């Protein structure tokens, strides 16, 4: 039995609020249960130096957690003077996932910077960030088209992400913190709206997992992501 009484395949309620802030071209508050992440997408003309003159754009991401997003306050990374390895890993994951969804040639020599700030953490912050960032990205691209800055829509497909894992010997979907901290296996899966895999991050935290368990986890992720994409589409409609 899960602490929340959810079934093994049951994700937490997902809520997406668009245009959450006034200034960003795309702005979303996404909630995976008690995990809440603010995702903004900023459209700027021009590209990093390594892409100049190549006729293509760039999408990148930054990620951070507010000091009291967790049970006890933590220092801001700016105050520490450097980002943690975890932060760097997560923001690279978000950037890679979103770049897979964008036709960089259609974007032209423009850059979209995604900022994901965790307001409240209860497990699955990176998967919530990817899911919310995708919706913010859509809004930023639509803004750019409306301004005539790009001619066609560079978005190839929606993407979403969910965590899966083995908790007390049972594969489950969308782990909250109490499950994540005690899971034997922890995995984050990013997929397209049609169920194609973009990235899998999986680790045996306690016991190694079998090939059969891996397939079971991927099936759970596919089912969960399908439901999350439906929420994205409803928010964008």
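Glycine is treated like the rest: Cβ placed from N, Cα and C.
Of the residues 76, 80, 86, Swiss-Prot puts just one in the phosphate site with 124, 125, 126: 86. Pairwise Cα distances among 86, 124, 125, 126, the recorded phosphate-binding residues, top out at 13 Å. Of all Cβ atoms in the shown protein chains, 26 besides its own fall within 10 Å of the Cβ of residue 124 (phosphate binding site).
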